[in-house]
Amino acid sequence: EDDLKNFRQWESRTPGHPENFETPGVEVTTGPLGQGIANAVGLALAEKHLAARFNKPDNEIIDHYTYVILGDGCQMEGIANEACSLAGHWGLGKLIAFYDDNHISIDGDTEIAFTESVDKRFEGLGWHVIWVKNGNTGYDEIRAAIKEAKAVKDKPTLIKVTTTIGYGSPNKANSYSVHGSALGAKEVDATRKNLGWPYEPFHVPEDVKGHWSRHVPQGAALEAEWNAKFSAYEKNYKEEAAELKSIITGELPAGWEKALPTYTPESPADATRNLSQQNLNAL
């Protein structure tokens, strides 16, 4: 509860942009627009590459999806398009991106700068595209879209979810004033009344707590299931299991530096990009 109260405050565990090494469970630092989707493409590629390298006909030890949420600001960035172009080219079928299509950026309505058809662009990039028209309350539509996305194995999926920014706020919804600023006490109160939410600030009703808490034993069961799967994998494929373990822990193989080429002043001159390539290939 204290973490929620400290949202976006100095030294908080709940900053606006989480940072690696600062908050448990956060693996990458994001912030610059487009970086999150680019990270997601990298993570989805890692899944596909590890699966190709380590999965066996009797034990698919790597088998997970990568989900990401991106907004209008991310869609405007060049890096987002470049990364998504690669994702389409590679056919990363286990990458599912939710595009929060609310027509608002920090500068105002997207009408001022961004009016392209994102759907058509992603189709052109080789993605499967789904549109959820009611992202505010269309939970069943969202569930159905995820199910459809998971059924498409050969392409990444963009789920365009049309929403109202600041949904429920009577005076600030659908405006850029709610994009990066707190609503303020008066508007929070008006929003509570508008949404019919009669509870005190930060109170979590029992039925909500119960609904979310069920994920704790579910998550523990899934982890135990995977650990058992890995134990079986380890028995049958000792070498691959050891290699996969070292990748997971980030431990480099003994004597890795011996694989690097050596150079002397007598070595023939070469472009630094070629020297870099030789070292990367050796690694």
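Note: Cβ is positioned from N, Cα and C throughout, glycine not excepted.
As recorded in TrEMBL:
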- 273-283: compositional bias 'Polar residues' (COMPBIAS)
- 2-253: domain 'Transketolase N-terminal' (DOMAIN)
- 259-283: region 'Disordered' (REGION)
Mean pLDDT for the domain 'Transketolase N-terminal' (2-253), rounded to an integer? 95
Residue distribution over DSSP helix, strand and coil in the region 'Disordered' (259-283): 12 helix, 0 strand, 13 coil
